[in-house]
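Taken verbatim from TrEMBL:
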type	residues	note
DOMAIN	13-209	domain 'Deoxynucleoside kinase'
BINDING	Gly16, Asn17, Ile18, Gly19, Ser20, Gly21, Lys22, Ser23, Thr24, Arg151, Met152, Arg153, Glu154, Arg155	ATP binding site
ACT_SITE	Glu92	active site, proton acceptor
Amino acid sequence: MSCNSARRPFTVFVEGNIGSGKSTFLSYFNDFADIFVALEPVHLWQDVNGHNILELMYETPLLWSFAFQSLVQKTMLDIHTAKCSQPVKMMERSLQSGRHVFIENLYRQNVMASAEYTVLTSFYESMLKNFDVNGDLIIYLRSDPEVVYNRMRERGRTEENQVSLEYLKQIHQLHEDWLVRKTVVENLPPVLILDANSSLATMEKEFKKCENIIYSRLNQLDSAQLSNASTPDILTMV
């Protein structure tokens, strides 16, 4: 699919830990003619003029985390701002999760220096100010760290060999802070929480419910009826 129209579509961020089922979830919507699905551009992170920055970051995070997160911000901004002919855009993660989960974790774990953190935070704030990178709905695939750790091991992505259970626990807590406890001072669209601890095959029956919610909110928006009062900030599907 390609994005090439001027109006920002109804934008859905699909968020969650490594191995929470984001790609599987998005694959359900991939053949919808009116939905543009944007996966994380992992292939761009794996080949920057022959350099696998993703692998380098996992192998030596102290050295490569700043370069990797700079690359992530650049490529995610490209996805956020791509013109889209479809009325709905669904994104695997977002600039926002990059900032409030992954960059934040690197800084808190003393992997990223204060100066590097400040630079990336400044980049992020500039992007928010100068580009329309807002979302209209967040779908949070909520899963236990132990569950996603086992899934990650089963899929065997080479770059993830260095990822520990402790790291997944850290990422989980920051997702919870951002999307559930709402400790981040930043405007947040409504959050739909989906229990992602079930098998990925079992979860597929919930995808239809998400589809209905997306179209319902899109129709409300098109009718100028969407308001904070009409829909709770957090919706839960269990």
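The backbone N, Cα and C atoms fix where each Cβ goes, and this holds for glycine too.
This view paints the features noted in TrEMBL onto the structure.
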residue: Gly16; record: ATP binding site; DSSP class: strand
residue: Lys22; record: ATP binding site; DSSP class: helix
residue: Glu92; record: active site, proton acceptor; DSSP class: strand
residue: Met152; record: ATP binding site; DSSP class: helix
Practice problem: In whole Å, could you give the widest CA to CA gap in the ATP site formed by Gly16, Asn17, Ile18, Gly19, Ser20, Gly21, Lys22, Ser23, Thr24, Arg151, Met152, Arg153, Glu154, Arg155? | Solution: 18
Self-check item: Among Gly16, Ile18, Ser20, Thr24, Glu154, which are binding-site residues, the residue with the most C-beta atoms within 10 angstroms of its C-beta
Solution: Ser20
Self-check item: the residue listed as 'active site, proton acceptor': nearby binding-site residues from Ile18, Lys22, Met152, Glu154, Cα cut-off 10 Å
Solution: Lys22
Quiz item: Within the chain of Lys22 (ATP binding site), which residues six or more apart in sequence place their C-beta under 8 angstroms from its C-beta?
Solution: Val14, Glu15, Gly16, Glu92, Arg93, Leu141
Quiz item: For Glu92 (active site, proton acceptor), what is the tally of other C-beta atoms lying within 10 angstroms of its C-beta?
Solution: 21
Practice problem: Measure from the Cβ of Met152 (ATP binding site) and count the other Cβ atoms within 10 Å, all protein chains considered. | Solution: 19
